[in-house]
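Quick notes on the structure that follows.
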Amino acid sequence: MGILRKRVVVLGGDGIGPEVCQEGVRVLKAVAERFGHEFIFDHQLMGACAIDATGDPLPEKTLAACWQADAVLLGAIGDPKYDNNPAAKVRPEQGLLKLRKSLGLYANIRPVTAYDRLLEHSPLKKDRIQGVDMLIFRELTGGIYFGEKGRTGDGAAFDQCTYTREEIARVAHRAFHAAENRRQKLTLVDKANVLETSRLWREVVQEIAPQYPGVVVDYLFVDNAAMQLILNPRQFDVLLTENMFGDILSDEASVIAGSLGLLPSASVGDQIALFEPIHGSFPQAKGKGIANPIATILSAAMLLEHFGLQAEADCVKEAVDNALERGVLTPELTSGVPYTTEQVGSFIAYGVLDLQDCQLHRSNIEVGLSTII
Ligand SMILES: NC(=O)C1=CN([C@@H]2O[C@H](COP(=O)(O)OP(=O)(O)OC[C@H]3O[C@@H](n4cnc5c(N)ncnc54)[C@H](O)[C@@H]3O)[C@@H](O)[C@H]2O)C=CC1
Ligand SMILES: CC(C)CC(=O)C(=O)O
Ligand SMILES: [Mg+2]
């Protein structure tokens with residue numbers, strides 16, 4: 001792969017979003033420096049910060065910039081002033097959902113890995129989680145999050161869940177394709193014993209399955225799947241599911257890795273792709289330097305893979321592994337003296353630049369912040 005020039009829109013968002021994004025960008029800048037690429041970063045508003053500035057959680061200017069970009073890197077959105085006010089009509093999450101829908105990002109891919117160095121840290125037993133390596137395919141632009149919602153005259157509320165065959169088929173094809181290139185197993189998670197939409201999911205997946213003869217398909221109801229994920233997570237290779245189930249199960253699966261701050265994701269459609277940690281804006285941590293930036297940095301690695309830069313992505317992943325191995329960890333992952341968000345990001349950026357020798361000293365990391373990247 002030759003030298004690339006790419007435009008990346010950065011949506012820091014709210015809470016810890018801008019802090020973790022800064023580290024994702026730092027690592028991408030290190031990649032550009034090491035491999036000679038040019039990445040142009042265009043920072044735009046989305047979420048509560050956009051409501052504050054413009055009244056709109058997804059301003060037209062932001063959406064237009066995303067369409068102009070080669071990829072989007074997102075931190076997280078959300079603010080307690082909306083979470084704690086159910087009557088608010090304009091909400092940060094509307095911006096995120098509209099962005100996903102507008103950009104056609106129908107497949108959200110969430111890898112879940114058990115890192116050897118962190119096995120002891122997970123509350124789950126080591127012998128259950130060692131070797132876990134699964135991909136969750138979450139449908140991202142349909143289902144109950146996008147259905148008609150409202151209040152009835154008698155004060156009740158409703159949220160409608162709808163799926164079309166096409167919405168199911170396009171994400172299912174991507175999941176089957178991924179399974180073909182992995183351990184050739186696909187598990188569809190649904191609630192087909194109760195929900196009509198889930199029965200449609202099974203129907204469509206059963207129709208598609210013969211096109212992927214090497215892939216073994218099995219089916220789990222979501223309640224059982226929630227249990228199996230912590231009882232025997234190694235059984236999963238590719239897990240395919242609808243929007244809300246995927247949202248919930250992937251947060252649960254992060255306990256296998258050891259922290260929600262470790263899980264990255266790619267949201268892809270037929271035109272553009274967006275990369276974001278699976279976590280939210282963790283508002284309690286804003287400005288404290290305690291947020292784990294690794295989920296965002298690994299999302300940046302997925303962005304590099306999307307650009308076809310596999311060696312560069314591998315370099316980032318190796319630098320992340322090295323940080324974990326050497327105990328360069330944010331507070332939720334250590335009982336020792338933790339590193340800050342910036343220090344972890346800088347350590348990983350140093351790793352990318354192959355400047356490992358001067359890394360471990362906190363003072364060097366801090367010097368590096370101002371001098372190297
Ligand atoms: N994609 C997005 O932008 C998302 C936004 N949200 C929004 O985020 C706000 C907060 O929601 P919560 O339910 O509290 O979820 P959250 O994901 O922000 O935080 C839940 C818990 O996970 C841990 N955590 C999350 N990120 C971490 C990180 N980088 N490093 C270390 N630990 C981390 C913390 O213990 C935290 O209390 C809400 O406004 C919600 O709507 C929630 C999920 C996704
Ligand atoms: C606004 C929510 C749907 C965001 C979320 O929880 C997620 O995408 O994981
Ligand atoms: Mg979520």
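In case you wondered, yes, glycine gets a Cβ from its N, Cα and C as well.
According to TrEMBL, the feature substrate binding site maps to R100, R110, R138, D223. The Mg(2+) binding site annotation in TrEMBL covers D223, D247, D251. Look at TrEMBL and you will find 7-348 tagged as domain 'Isopropylmalate dehydrogenase-like'. The site 'Important for catalysis' feature in TrEMBL is assigned to Y145, K191.
TrEMBL feature annotations superimposed on the structure.
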residue : record                         : DSSP class
R100    : substrate binding site         : helix
R110    : substrate binding site         : strand
R138    : substrate binding site         : strand
Y145    : site 'Important for catalysis' : helix
K191    : site 'Important for catalysis' : coil
D223    : substrate binding site         : helix
D247    : Mg(2+) binding site            : helix
Can you tell which of R100, R110, R138, K191 has the least company, meaning the fewest other C-beta atoms within 10 angstroms of its C-beta, among these recorded positions?
K191
Please list the recorded positions from R110, R138, K191, D247, D251 whose Cβ falls under 6 Å of any atom in ligand 2.
D247
Should we count any of the recorded positions R100, R110, R138, K191, D223, D247 as near ligand 3, judged by a CB under 6 A from one of its atoms, and which?
D247
Between D223 (substrate binding site) and D251 (Mg(2+) binding site), how far is it from one CA atom to the other, in Å?
15
Additional residues around Mg(2+), ordered along the sequence, whose Cβ is within 8 Å of the centroid of D223, D247, D251:
V222, A226, M244, F245, G246, I248, L249, S250, E252
I'd like the number of other C-beta atoms within 10 A of the C-beta of D223 (substrate binding site), please.
12
Number of other Cβ atoms within 10 Å of the Cβ of D247 (Mg(2+) binding site) across all protein chains:
18
Length of the line joining the Cα atoms of D247 (Mg(2+) binding site) and R138 (substrate binding site), in Å:
7
Please determine which of the recorded positions listed here (Y145, D251) has the lowest count of neighbouring CB atoms within 10 Å.
D251
